[in-house]
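Report on one structure; see the data block that follows.
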Amino acid sequence: MKKVAVLPGDGIGPEVVAEAVRVLECLRDESGLAVEIEYGLVGGAAYDVHGQPLPEEVLKLAREADAILLGAVGGRQWEALPIALRPEKALLGLRAALGVFANLRPAILYPQLAGASTLRPEVVAGLDLMIVRELTGGIYFGEPRGIRTLDTGERQGFNTLVYSESEIERVAVRAFETARTRAHRVCSVDKANVLEATELWREVVTRVASRYPDVAVTHMYVDNAAMQLVRAPKQFDVLVTTNMFGDILSDAAAMLTGSIGMLPSASLNETDRGLYEPIHGSAPDIAGKGIANPLATILSVAMMLRYSFHEPSLAARVEAAVSAVLDSGLRTADIREGGPAAVSTRAMGDAVVAALRSALS
Ligand code: NAD
Ligand code: IPM
Ligand code: MN
């Protein structure tokens with residue numbers, strides 16, 4: 001029996017997670033997947049009840065689970081809190097506690113959505129790239145950090161970008177191993193012309209690359225990479241980069257696929273346990289309206305099946321169900337292509353579950 005900790009979080013988190021859980025329950029009921037689901041409060045929802053965004057009992061639940069499904073955290077009502085109590089801290093705390101250093105963010109264009117991309121169809125047709133984002137180091141976690149008062153009385157905010165060789169090496173290995181299952185190309189993105197931490201990044205990635213002669217490696221500065229991503233995204237197979245660069249580049253890559261509501265992610269360590277979540281946030285501007293796109297979260301369940309449960313055929317079934325629903329013309333409002341009227345989060349979830357159920361029966 002596999003235990004899944006479900007942490008819906010804030011804003012649209014609970015709305016999109018509800019649909020993903022229905023997909024998981026459908027697999028349990030129709031294909032015999034042995035899963036048991038347990039819920040926990042995280043983020044602002046946990047702060048409101050317990051006075052902290054990542055209560056000890058939720059951390060314990062997450063640690064004991066085989067996989068974690070998370071919605072999103074954050075919202076305007078918690079923005080005035082000190083950083084240590086903000087909902088986002090829960091996510092960072094979970095990632096650190098679980099040691100999930102490799103965050104896989106696949107940007108795949110479903111052919112049905114070619115017209116929904118903000119780029120011309122010929123630029124994005126067939127797009128299939130994998131961003132491997134370092135997730136437990138870099139400027140997000142570096143010390144010292146804080147806000148201090150200078151002798152002049154002026155305040156100064158500071159953060160530290162640090163990477164050790166072992167931190168770079170393990171995420172690079174994951175990127176090269178991933179490339180071996182794909183088109184055998186890795187592009188490492190850094191700012192080695194300015195930042196020593198990424199000068200070391202480039203050196204270590206180059207060293208790891210020498211152990212993978214079958215994988216072609218290139219290096220690119222992040223500013224150029226951002227430009228190349230919107231100029232000619234199909235040049236990329238696997239992109240490996242630092243925590244912050246990966247955060248930014250993956251939101252940009254999401255738009256190539258038609259919507260940020262399409263990108264799932266898997267956060268992995270050396271074990272089979274993983275944290276699965278859409279790359280988007282809690283979307284306060286549409287929360288509570290029932291219009292969010294649940295597909296990124298549903299596709300995160302597919303990643304869970306593949307990486308934590310070693311059920312590649314069930315993962316493919318979920319992805320096929322999503323594709324079938326897109327074939328049928330159903331679209332949530334974020335996917336703007338001038339087609340038929342948008343459907344609700346629930347209607348999209350209904351359709352995916354129905355497609356999955358009919359494929360399984
Ligand atoms: P966001 O990703 O929440 O939203 C950006 C834009 O994309 C919004 O217009 C939103 O409506 C839209 N959007 C996002 N997901 C969507 C979906 N599934 N369907 C349709 N539209 C969708 O980013 P933001 O507005 O910068 O941040 C809002 C809050 O979320 C902040 O508190 C931020 O810290 C938090 N956040 C959390 C996570 C996470 O939990 N992993 C990720 C990013 C941001
Ligand atoms: C993401 C989010 C998080 C990040 C925030 C909410 C801490 O933007 O998962 O991409 O920056 O990693
Ligand atoms: Mn982000």
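Glycine too: its Cβ is placed from the backbone N, Cα and C atoms.
Non-local contacts of Ala287 (NAD(+) binding site) by the CB criterion (under 8 A, 6+ apart in sequence, same chain) comprise Asp10, Gly11, Ile12, Glu15, Gly75. What TrEMBL lists as NAD(+) binding site is 75-88, 281-293.
According to DSSP, Arg105 (substrate binding site) sits within a strand segment. Annotated substrate binding site per TrEMBL: Arg95, Arg105, Arg133, Asp223, in sequence order.
The Mg(2+) binding site feature in TrEMBL is assigned to Asp223, Asp247, Asp251. Mapped onto three states, the DSSP output places Asp247 (Mg(2+) binding site) in helix. Asp247 (Mg(2+) binding site): 18 other CB atoms within 10 A of its CB, across all protein chains.
Mapped onto three states, the DSSP output places Tyr140 (site 'Important for catalysis') in helix. For Tyr140 (site 'Important for catalysis'), the Cβ neighbour count at a 10 Å cut-off comes to 18, with all displayed protein chains included. Look at TrEMBL and you will find Tyr140 (among others) tagged as site 'Important for catalysis'.
Summarising the annotation, TrEMBL assigns site 'Important for catalysis' to Lys191 (among others). Within 10 Å of the Cβ of Lys191 (site 'Important for catalysis') there are 19 other Cβ atoms, across all protein chains.
Report note: the Mg(2+) site is defined by Asp223, Asp247, Asp251, and the residues of the same chain whose CB lies within 8 Å of the CB centroid of those residues, excluding them, are Val222, Ala226, Met244, Phe245, Gly246, Ile248, Leu249, Ser250, Ala252. When the alpha carbons of Ile291 (NAD(+) binding site) and Arg95 (substrate binding site) are compared, the span between them is 28 angstrom. The Cβ neighbour count for Pro87 (NAD(+) binding site), using a 10 Å radius over every protein chain in view, is 29.
In this structure, none of the recorded positions Arg95, Tyr140, Lys191, Ile291 sits close to ligand 1 with a C-beta under 6 angstroms from any of its atoms.
Counting other C-beta atoms within 10 Å of each candidate's C-beta, the binding-site residues Glu79, Asp223, Asp251 are led by Asp251.
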